[in-house]
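As recorded in TrEMBL:
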DOMAIN    A:6-142  domain 'Semialdehyde dehydrogenase NAD-binding'
ACT_SITE  A:Cys150  active site
REGION    A:181-203  region 'Disordered'
COMPBIAS  A:190-199  compositional bias 'Basic and acidic residues'
Amino acid sequence: MSREVRVAIAGGSGYTGGELLRLLLFHPHVQVQQITSERFAGKPVTKVHPNLRKLTPLKFDKIGDLQPCDLLFLCLPHGETANRWDDFVRLAPKVIDLSADFRLNDAAAYRHAYKKHHPRPDLLQRFVYGIPELHRDEIRDADYVASAGCNATATILGLYPLYRAGVVDPERTVVEVKVGSSEAGNRANEGSHHPERSNCLRSFSPTGHRHVAEITQELSFGSKIQVHFSATAVDMVRGALATSHVFLNQGLEEKDVWKIYREHYAAEPFVRIVKERDGIYRYPEPKLLAGTNFCDVGFERDPASDRVVVISAIDNLMKGSAGQAVQALNLMCGFEERTALEFPGLHPV
Amino acid sequence: MTTAQATATTFECVVCGAPIELGDDTLQGELIDCGDCGTELEVVSTQPFLIQEAPQEAEDWGQ
Ligand SMILES: [Zn+2]
């Protein structure tokens with residue numbers, strides 16, 4: 001039995017749509033039925049995603065021409081999924097939304113983060129937050145999944161074991177995320193012009209980043225938490241590296257921290273603990289993860305204080321978006337979780 | 001059972017707590033790399049088994 005699940009991708013000319021198509025073309029149980037772009041309708045998808053030349057005859061359709069399918073991926077600008085939900089829900093019994101529209105469970109939290117009222121608060125509870133390492137069983141049973149933000153994914157996977165174990169001060173976490181330029185999407189602006197962008201370390205969100213709401217939602221285990229978050233754009237195309245400073249609320253040795261991480265992640269197919277005493281790559285390094293669905297997590301306990309520095313890395317387009325969405329599809333459709341996600345990355349790169 | 005079976009004893013890595021198996025053919029002074037944290041461990045005695053971090057070579061890893 002092969003190619004039994006028919007999928008469509010709405011909003012397929014962006015980087016996320018291209019990454020999804022790249023993965024799904026090699027998924028043994030998936031048939032990509034349609035991919036849409038208003039701007040490139042009628043054109044071959046390879047015009048926009050040149051890495052797929054000779055691999056697919058697909059052409060872009062208009063979103064209004066979408067036919068019913070088994071699972072619909074939505075890679076539309078924020079707000080579009082919620083505004084057009086009644087059209088989309090008629091097309092497919094299962095939906096994976098890669099926008100921020102349905103990531104938050106709470107309309108008040110949405111309003112605080114996005115500075116507007118949620119257009120469809122009635123649907124918020126129907127979506128499962130799409131990080132399988134946290135919500136695997138719910139995703140398996142879900143019809144609708146809200147894929148997580150890339151910065152949020154890196155941060156949450158790094159901090160989740162410590163918050164879950166209750167061993168850190170929940171109100172005193174400081175996170176700095178360094179991200180590649182692809183996170184901003186494929187629409188050009190003055191700031192992305194090469195002579196302006198090249199060699200930059202651009203502090204684009206020192207405070208007030210929207211992903212903080214997701215991080216807070218997923219790391220709160222009954223107690224109030226406060227995550228102080230900053231983001232810097234660095235001079236790479238893919239990759240996100242979160243450096244998180246947490247403070248232990250009890251006397252733990254480094255070995256105890258190891259045990260907490262091992263307990264949570266030893267059986268996870270896509271999370272690796274990366275912390276070595278010697279060698280060249282001792283801590284997570286995003287460049288080694290380009291094109292892979294791994295999240296590498298490392299940490300170091302400061303011997304002079306109660307601080308633990310957690311370092312977590314992903315490819316923002318993979319584990320941070322399209323890869324994680326395919327992982328969710330695998331769970332929702334009963335396929336082995338690693339299907340189509342086994343690329344191990346390159347070295348050297 | 002006619003042949004002598006190798007027996008193994010499980011220890012914890014002194015750095016990360018990962019389980020390390022030592023066979024009864026392990027020699028005193030043997031160096032073992034922990035599979036989890038990469039620390040080089042030295043078997044300082046075999047009767048009884050005692051492991052500790054092996055002496056580190058000079059650091060040559062920069063920015
Ligand atoms: Zn170890």
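Cβ coordinates come from backbone N, Cα and C, glycine included.
Across the range of the compositional bias 'Basic and acidic residues' (A:190-199), the DSSP-based residue counts are 7 helix, 0 strand, 3 coil. The residues of the domain 'Semialdehyde dehydrogenase NAD-binding' (A:6-142), classed with DSSP into helix (H, G, I), strand (E, B) and coil, number 52 helix, 26 strand, 59 coil. A:Cys150 (active site) falls within a helical segment according to DSSP.
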